[in-house]
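Accompanying notes for the structure given below.
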Amino acid sequence: MKPVMALVGRANVGKSTLFNRLTRSRDALVADFAGLTRDRHYGNGKQGRHEYIVIDTGGFEPDVASGIYREMARQTQQAIAEADVVVFVVDVRAGVTAQDHDIAHYLRRAGKPCVLAANKAEGMQQDQGGKWAEFYELGLGTVHPVSAAHGQGIRSLVEMALEPLSPPDDGADAAARDLPDADGVDGVDGVDGADGRIIRLAVAGRPNVGKSTLINTWLGEERLVAFDTPGTTRDAITVPFERNGQRFELVDTAGLRRKGKVFAAVEKFSVVKTLQAIESAHVVLLLLDASQGVTEQDAHIAGYILESGRAVVLAVNKWDATDDYQRQLLERSIETRLAFLKFASLHRISAKKRQGLGPLWTAIVQAHKAATCKMSTPVLTRLLLEAVQFQSPQRQGLFRPKMRYAHQGGMNPPVIVIHGNGLEHVTDTYKRFLEGRFRKEFDLVGTPLRIELKTSHNPYVDEGRGGR
C-alpha cells in the first residue's frame, strides 16, 4: 500500500511548488475534485525506491473561527488525518512566525509523524546561526533544508519522511521488484493470480453512483460467501469471497462496515482510500451514474486507473432509470471523455434491481486473465514482423525504423518490448497500430497494454566518425 504524505504550512511557503516537484516523476495531477476536495490536491510520485501519494493543502490557520479560511483549515485537518506522515513546510527566509508556532502546536497534538522542511534554502548554509536555530524552537526535531524551486534536498526529504514506513529493502527484494511475480502479477502483493485463484477487485466511482448498493447486493447473494479477514491499520479493508468457484478479494472503497456476521457498505467517499484501493487491486470496476453522464470526477478516477496500469471494467448503473435520449447522451459522453479506456468492456446495469450483474463477473475474470496473459517471444516476434510487412513504420528523413524482435517485459499490465534500430522515430500512430494487432491476437480486453521501444546502437558508428 502506498504511504500518504501531506504537505502542510501557512500560505506562500512553497507547498504547491514542492507538490509539483514531488509528483514530477509521473507528471500527473491525480485528483482535483471540485467541491469535494476544493483545497486538497492529490498526486502520485516516486523518488528512488519510494512510491507515494502526496496531498497539497491550502494555507493552514488551525484556530480560525469562520469563513473560507475555516473551510481551508478543515480541509487541511482532513489531509492530516488521511496521511501517514506530515511534511510541515516553512519559509526559511521569512523566519518563524506566530502562525508557524500555531501549526506546530496542532501537529504535535495530532501525533502524526512529522518532518520539518525549511523551503527556499537555496544558497544558504545550515550553520548560519540564529536563522536556523529558531526553527528548532517549533519542537518538531531536525530541520531539513530544501529548495522546491531548484530541486535541492528533495530526495533526502522523501527518504527522511518515508523510510520509517518502508519495509526492509535487501538485494533479493530489489531484484524481485524488477521482474514479474511468479504468479504473473506485477506490483500487487498478497494475491494468487488467475485460473480460479484470488482476484483482488476494487469498485471505484464518485459518491452516490451506487457502489454501496452494488457491493451489498453482491455480499448478500447466496452464491457469494463472504468472510472476515483482519487487517493492519495502514492496509485497506478487504473482504474475501467466492463466486462460482472463483475466489475474489474485495478492496474497500465505499466504506465497508462490520454488522454482526456480515459486512455492509456505506457510501463514504475518500480520495486516498480510492487511490490506494486502485493501486492494490488486480481489476477495477469503474461505476458510472447513467443519469449524470461522465463527469470530470469520473474522468479523473479513470485516468488514475489507466496510469496505475490496472485492468478495468466499466459499468453504468441506474440504466433502468434513463430514457432513450439520456442513454444516447451517455453513450456519446463515454466515447468522448473516456476514449482512453476504449479497451474496456462496458456494461449497463441496475444494482438496485439486480439487472445485468451476471455478465460483470465474467468480464472481471476476463480482464484479469488478459492482464496476466503470458506471451511467448516467438509468437510476439512473428506478429511484429507480420505487422511490419503489412504496414511499415513511416520513414523519418533518411531513416526508416527497423524492428527486429519482441518479447514480454511484464504483466498486469502486459508490457511488450520491441527491439530494433531507429525506433525513436516510430510515431504514436504506428504504436497504436501495433497495439491493435497484439490485442486482437491475445484477446486483451479490459487491460492496458504498454509497448516499449528499445533501439540498438552500433558501437562502431562514433568510432568511425572520429577517425575521419
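For all residues, glycine too, the Cβ spot is worked out from N, Cα and C.
Swiss-Prot annotations:
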type	residues	note
DOMAIN	3-169	domain 'EngA-type G 1'
BINDING	9-16, 56-60, 119-122	GTP 1 binding site
DOMAIN	199-372	domain 'EngA-type G 2'
BINDING	205-212, 252-256, 317-320	GTP 2 binding site
DOMAIN	373-457	domain 'KH-like'
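Taking the Cα atom of each, G205 (GTP 2 binding site) and A121 (GTP 1 binding site) are about 41 angstrom apart. Taken through DSSP, the domain 'KH-like' (373-457) splits into 32 helix, 24 strand, 29 coil. K15 (GTP 1 binding site) sits 32 Å from N208 (GTP 2 binding site), taking the CA atoms of both as reference points.
Among the binding-site residues listed (N12, T57, F60), T57 has its Cα nearest to the Cα of W319 (GTP 2 binding site).
In space, T57 is the closest of the binding-site residues G9, N12, T57, A121 to N208 (GTP 2 binding site), judged by Cα positions. For the pair formed by K211 (GTP 2 binding site) and A121 (GTP 1 binding site), distance between Cα atoms is given as 47 Å, rounded to the nearest Å.
Averaged across the domain 'KH-like' (373-457), pLDDT in this predicted model comes to 91. Secondary structure from DSSP puts N12 (GTP 1 binding site) in coil. Counting only same-chain residues six or more apart in sequence, the Cβ atoms lying under 8 angstroms from the Cβ of G9 (GTP 1 binding site) belong to K15, G59, F60, F88, V89, V90, D100, I103.
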